[in-house]
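Copied over from TrEMBL:
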TRANSMEM  33-55  transmembrane segment
DOMAIN    37-503  domain 'Major facilitator superfamily (MFS) profile'
TRANSMEM  75-96  transmembrane segment
TRANSMEM  127-148  transmembrane segment
TRANSMEM  160-180  transmembrane segment
TRANSMEM  322-344  transmembrane segment
TRANSMEM  359-377  transmembrane segment
TRANSMEM  389-409  transmembrane segment
TRANSMEM  415-436  transmembrane segment
TRANSMEM  448-467  transmembrane segment
TRANSMEM  479-497  transmembrane segment
Amino acid sequence: MYASHEDIEYDFGDNSKVGTKPVKPNPNIDGGWAWMIVFSSFLVHILIMGSQMALGILNMEWLEEFNQSRGLTAWVSSLSMGITLIVGPFIGLFIGMCGCRKTAIMGGMLNSLGWILSAYASDVHYLFLTFGVTAGIGSGMVYLPAVVMVGQYFQKRRALAQGLSTTGTGFGAFLMTALMKYLCIEFGWRNTMFIQGAISLNLCVCAALMRPLSPKDIVSEKYVLRSNSEGGNHAKALSHSAETIKSRGVLSEELEKKDTANEEVLDSVQQTEIGSKSQSERSLYGLRILKTVSQMMVTVRKGFAIWYSSYFGAASLFTNRVFVAFIIWALFAYSSFVIPFIHLPEIVKQYNLPSQNNIFPLTSIIAIVHIFGKVILGIISDLPCISTWNVFLMANFTLVTCILTLPLMQTYVSLAVVCALIGFSSGYFSLMPVVTEDLVGTKHLANAYGIIICANGISALFGPPFAGWIYDITQKYDFSFYISGLLYMVGIIFLLIQPCIQKKETREKPAEGAEV
C-alpha cells in the first residue's frame, strides 16, 4: 500500500545523472554521530514531553493555591502541551533561517525562562502567559529540531532511531513525576518550578549536540539512496504526491534573482569598507554593522520565501492530497491518546477501583508499554519485507478499537489489558516522522512535520476540555470515548481513501497517453 522513502522522493525520472555519480557515503549517516543525535533527542523528550506528562502533580498544587475551577486550572497544562505542538509550522521558519541547533538553543533558554517566571505567579492567568505560552513556545522550538535531526541522520534505520529517541517520553513521565512529587513535598511548588527551570537549561546542551549535516552530505544521501532504490507499483502510486511539491530548484533560481539587489548592496558596502581605511574607526564599525544587518536580511528573506512557498506557493505541501489526508487524521488522533491520561483516574474512582489503581496505576501501564511499543514497531517497520505505512495503519486500527471498547470495561484487569494495548499501539508516534518524510522528502520534513504536530497540538488543546464538557452534560465519560473514537476513525478512513485514489489516477494517466 505504501512505498519506501527512496522510491517516493527520488524516483522522479527527471534527472538522469542521479544514480550514475559514485559518491562515498557519509559515515555519520546511520552510524557514528547519528547515535549522538538519537541520544540528544531522547533527552529532549525526557525534559519536554516527560515534564508535560507529569504536570498533574503541579495541577493539584495550583488548584489548592489559587482556588480556581478545575476547568480553568486545567487550561494551564493544556496550553503548554498544545502550544508546544501548534507552533510547529512557525518553528519550521526558524529552522530554515537559523538551522536546528540555533533554534533549539534559543528554545531551551525560552523554556527555562517560562518555568522560572511561573514560580512567581500570583494567579492562574499569570500562568497562562508564563507557563502556557512562554514555556510552550520554548518547548516547541526544541522539540521539532530534535525530531528533524534524527530524520536527517538516518535513512536505513529511521523508524528504529525515531522509536528509540521518542521513548524518552515514557521514561520522562516516570522520572519527572517522581522528581516533581519529591520537590513539591520538600520545597513547595514555586521552588519546584524554579528548579525545573534550571534543569531545563540542559536543553541547550542537547541542542549543542545537534551537529548540522553539510549540503554535500545531504546530496550524498540522495545518490546512495538512488542506487539502492527499487521500482514498484506502489512507488508509482505515491511518487506523484511527492512530485507535486518538488520545485525547490525553481524556487532557488527565483530567490537568486530577487536577491541580486541585496548582494549588490553587500558588494558596495565591502568596497566602501576597503576604501575607508583612512577614515575613523567609528565609521568602519558602522559599515560592519550595516554589512552584518544586510547579510541577516538576505538570510531572513530567503528563509521566509522558502517557508512561504512550502505552504502557499506552487511548491505548497497542501497540493499533496495524501499529506492533506494525513493532516486531517492528525486533527483527531492525538486527543484519543491524551484523553485516557486525563480522565482515567476519575473513571477508576467511579468504578470503585482506587485501591488496585494505587498499587499499579493504569496510566503507568500505558506509559510503560508505550516505551516498548515505540521500539518494537520501529524495529518491525525497518524490516525489508514490511511496509511502514501498513504498520502505521494497523497500530491506528488497534488504538481506535481500544478507545471505543474502554468504556465497556468494568474491572481493573480488563481495564489494564485495554490500557496495555493503548500503550503499545500508540507507539506509532515514532513512525509519524518516518511516514511524513516518506510523503514529502527530507528537504520538506521540517515544514511538513511542523504542520502535523500543529494539528496534533490542536487536538491536544481541545480534546480533554471537550471530553470534560461531554461529561458535564451526560455525567458519564462513555460518550467522550465514543465520540473521540468515531472522529479518530474518520481520520483513518481519510488515510485509506486518498492513497487508493492517488494510485488509480496514476494508473489512468499512462492509459490516456497510450490512447493519444
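Cβ coordinates are placed from backbone N, Cα and C, and glycine is handled just like the others.
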With contact taken as 3 or more Cβ pairs under 8 angstroms (pairs 6 or more apart in sequence), are the transmembrane segment (127-148) and the transmembrane segment (479-497) in contact? no
Among the recorded stretches 33-55, 322-344, 359-377, 389-409, 448-467, which has the greatest number of Cβ pairs closer than 8 Å to the transmembrane segment (415-436)? 359-377
How about the transmembrane segment (75-96) with the transmembrane segment (389-409) - do they touch, taking at least 3 C-beta pairs under 8 Å (6 or more apart in sequence) as contact? no
Take the C-beta pairs under 8 A between the transmembrane segment (322-344) and each of 33-55, 359-377, 448-467. Which stretch has the highest count? 448-467
Residues outside the transmembrane segment (448-467) whose C-beta sits under 8 Å from one of its C-beta atoms, at least 6 past its ends, are 71, 74-75, 78-79, 81-92, 143-144, 147-148, 151, 310-311, 317, 323, 326-327, 330-336, 338-339, 342-343, 432-433, 436-437, 439-440, 477, 480-481, 484
Of the listed stretches 33-55, 359-377, 479-497, the one with the highest count of C-beta pairs below 8 angstroms to the transmembrane segment (389-409) is 479-497
